[in-house]
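For reference, the structure discussed in these notes is given below.
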Amino acid sequence: MEEVAQDDGPYQEIRREDDAGANFVLQSKGKWWHAGFHLTTAIVGPTILTLPYAFRGLGWQMGFLCLTAMGVVTFYSYYLMSLVLDHCEKAGRRHIRFRELAADVLGSQAVFILALTAINTGISIGAILLAGECLQIMYSNLYPDGSLKLYQFIAMVTVVMILLSQFPTFHSLRHINLGSLVLSLGYTFLVVGACINAGASKNAPPRDYSLESSRIFSAFTSISILAAIFGNGILPEIQATLAPPATGKMVKGLIMCYTVIFLTFYSAAVSGYWVFGNKSNSNIIKSLMPDEGPPLAPVWVLGLAIVFVLLQLFAIGLVYSQVAYEIMEKKSADVNQGIFSKRNLIPRIILRSLYVIFCGFVAAMLPFFGDISAVVGAFGFIPLDFVLPMLLYNMTYKPTKSSLAYWINNSIIVVFTCVGLMGAFSSVRKLVLDAKEFKLFSSDVVE
């Protein structure tokens, strides 16, 4: 990489003695493997069960190409961002928030506060929605004529999330996120085994890998979904949990995370698309449990996979809520009193509960999972994870125009800006087309 350019002027060292969000929620006590646990939970979630659905809009060759390209570019992107954070820390400006980093390098943070809040809240809503759907799937198989609706299961999940939201710090989630890593491996291999079993079954659906008539729109919608699956809008906050100095530790965490990504993403995508082709559902487990006919895999395998998914969704909801909790704590808590003092505990319980209730209400009211993934990917993750890190690196390290880093970074910026614009148009178009299926508080997730 390039030599660090000299800063144009002196910066005041960031002081956080009175910052409750930093001192409470973003405590810096973690090891590199803790960061690996957090990163894996933030990226490797049940959205990987959407990968066959993404391949449906791309086909085999383009699916593999785009999946690999997204993996390589995001690893490179997160690596560059860790370098920028390390550089700022060495200069006495350790940034523990995405918005701080943007303000330091770009001079503005308002746009990023809005984008990050929308992304993290959207993921929290999606986690609650999927968890409610998991409960509904189990219930409908145990009680086919049961009267409970999706929004009632979402309410149950919301109550559990309110209780879990009271973990006071991001660092306190490290053991939960280790469990999340194990769960992601568990349900992925269960689903892969179920797909292989389904492919060999006499009830296997006919395989059709032809693409839809609107190929361009479908392809860019699929690319947006892949961006959402690889997306991680909280890397600075995760790096903030590392005990200083954080230099080099984040790269080790990234390598751990991408090892899990390699094991899970490719196996889920290939096995699911191989069996269901262009009939792949946005949740491959639902494809394995068709509305008509028997399940295409042993019920106990699918049931265990759903339980694993459900448990991990609680961890994901917790991780992506930390940004909102940090903002709340910074405004409401008194850093001079204990983290569990009545002065800080009561506002924490109230504010976090209200936030989770809001996410649960939106999840119940607007059950669009596949379409929401595409929209979040196009409007949020593509700019933040595929464009901004390269821009931050170029502005911080100022590589020369003759350097390889300069041309690689600017090529990625141009390509993914175009991809993001096309993906935004395509995903919004699909959302509008699916709107005819939409009903407030519907008992079915619009795929």
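The backbone N, Cα and C atoms fix where each Cβ goes, and this holds for glycine too.
Summarising the annotation, TrEMBL assigns domain 'Amino acid transporter transmembrane' to 29-431. According to TrEMBL, the feature transmembrane segment maps to 35-55, 61-85, 106-130, 150-169, 181-200, 216-235, 255-276, 296-320, 349-366, 372-392, 404-425.
Here the transmembrane segment (35-55) does not lie next to the transmembrane segment (150-169) in space: the count of CB pairs under 8 Å, restricted to residues six or more apart, is fewer than 3. Counting C-beta pairs under 8 angstroms (sequence separation of 6 or more), the transmembrane segment (296-320) fails to reach the transmembrane segment (61-85), with fewer than 3 such pairs. For the transmembrane segment (61-85), the neighbouring stretch richest in Cβ pairs under 8 Å, chosen from 150-169, 255-276, 404-425, is 255-276.
Within the same chain, residues 36-37, 40-41, 44-46, 48-49, 260, 263-264, 267-268, 271-272, 274-275, 284-285, 288, 296-298, 301-302, 304-306, 308-309, 311-312, 315 sit at least 6 positions outside the transmembrane segment (181-200) and bring their C-beta atoms closer than 8 Å to a C-beta of that stretch.
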